[in-house]
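Asker: Sharing a structure, written as structure tokens. Questions coming.
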Amino acid sequence: MGLCASSEKNGSTPDTQTASAGSDNVGKAKVPPKQEPQKTVRTVNTANQQEKQQQRQQQPSPHNVKDRKEQNGSINNAISPTATANTSGSQQINIDSALRDRSSNVAAQPSLSDASSGSNDKELKVLLLGAGESGKSTVLQQLKILHQNGFSEQEIKEYIPLIYQNLLEIGRNLIQARTRFNVNLEPECELTQQDLSRTMSYEMPNNYTGQFPEDIAGVISTLWALPSTQDLVNGPNASKFYLMDSTPYFMENFTRITSPNYRPTQQDILRSRQMTSGIFDTVIDMGSDIKMHIYDVGGQRSERKKWIHCFDNVTLVIFCVSLSEYDQTLMEDKNQNRFQESLVLFDNIVNSRWFARTSVVLFLNKIDLFAEKLSKVPMENYFPDYTGGSDINKAAKYILWRFVQLNRANLSIYPHVTQATDTSNIRLVFAAIKETILENTLKDSGVLQ
């Protein structure tokens, strides 16, 4: 089910601004002060839109997850979702069968051309926002797979240099982390300091699509397999240095990727990482006469000054948050907690005058990585008011609450737990988003009350 969170209007609606960094933010996200309940939560009943009614619920206490009341399952339904985490036998977030049912009902909805006069196609402007590495570009790649017949052979080939750069970046980050924490090479290790220095200084030729250099591949592969490296990336210092989220995936597939005649798979492309710079407009035909102009903009601080250029006439904002970032700091500012940065950004977006009449879809992304991390890195270390332990449902609901309670502008917020690298998950999520757009358009046109 979708969830609309609303609150009373606040006179102050700040425009989007760069989140400030401070030493007090290191490692922990700030806990909001306790306030009088003022929000209402209403559950959207898409099965019977003619009988829809608003159901109100008091804002849960911020100090104890266990004490939060979930009237009519409003928050719980938003979390039961949209994604199933592969947790290797541990807890899993349950799939909401009702969400599957509602995605199948989309075809039965009246088309937008029936609800509006003029053009047969309804063109919608959608902004894809969020901090760096929250999964925005991966979501856009999934939409290309789902609605634009995927990647051409030429496009697949063009991803080879990027994936090679990702492998090289992994090697360099491992070497830098070992140096920072004074991790010496094992006595029996065949690598030398010269090997590490050569890897650090190696420059991949531009647009290179041949075989990955064998000598550099040997260094990275050997380095990753060292017990001291594994202790470092899985130990208490893991959150203190940067390592791209897809590192385990790429190292698991390292031999295949560095072999002759390498051709990237769809999953290789989805797992690749490239910082978005600039503004990219992608047109997606969603069916039912809906065309979505999706604007993907860079999430790093240096890119956010460009956001203002695409704020006019926005129908929908999709805001991406990485669930697994709760113990991480920004790549561009090692003193700023990533989760705190996302909260500040979300606050500025939902309470901005630019989006006073805009709906917001909140993607709580990377549920798979979140499930793996939760049992290793207690959330209580970063959120003193969280008491849900390693229960993934309680943890996800807590994070959702932290975002929803910022909605002073009374916007409609539709949260989804997502795994952007899972095509079937994103297909299901966008079926639900499409239905939300249909419903809102029909209401605006007077077809629905």
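Keep in mind that glycine also has a Cβ here, set from the backbone N, Cα and C atoms.
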Asker: Could you check which of 97-110, 125-138, 181-194, 335-348 is flagged in Swiss-Prot as region 'G1 motif'?
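Answerer: Region 'G1 motif', as annotated by Swiss-Prot, spans 125-138.
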Asker: Check each of the ranges 256-261, 418-423 against Swiss-Prot and return the one annotated as region 'G5 motif'.
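Answerer: Among 256-261, 418-423, the range Swiss-Prot annotates as region 'G5 motif' is 418-423.
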Asker: Of the ranges 196-204, 268-276, 376-384, which one does Swiss-Prot list as region 'G2 motif'?
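Answerer: Swiss-Prot lists region 'G2 motif' for residues 268-276.
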Asker: Six or more residues beyond either end and a Cβ under 8 Å away: which residues meet both conditions relative to the region 'G5 motif' (418-423)?
Answerer: 82-83, 85, 135, 138-139, 142, 145-146, 266-267, 270-271, 320, 363-368, 429
Asker: State the non-local partners of the region 'G4 motif' (361-368) in its own chain: residues 6+ outside its ends, Cβ under 8 Å from one of its Cβ atoms.
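Answerer: The answer is 83, 85-86, 93, 130, 134-135, 139, 245, 316-325, 346, 396, 399-400, 403, 413-422, 429, 433, 436.
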Asker: Quick one: DSSP breakdown of the region 'G1 motif' (125-138) into helix, strand and coil?
Answerer: 3 helix, 6 strand, 5 coil
Asker: Mind checking how the region 'G5 motif' (418-423) divides into helix, strand and coil residues in DSSP?
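Answerer: With helix first, then strand, then coil, the region 'G5 motif' (418-423) has 1 helix, 0 strand, 5 coil.
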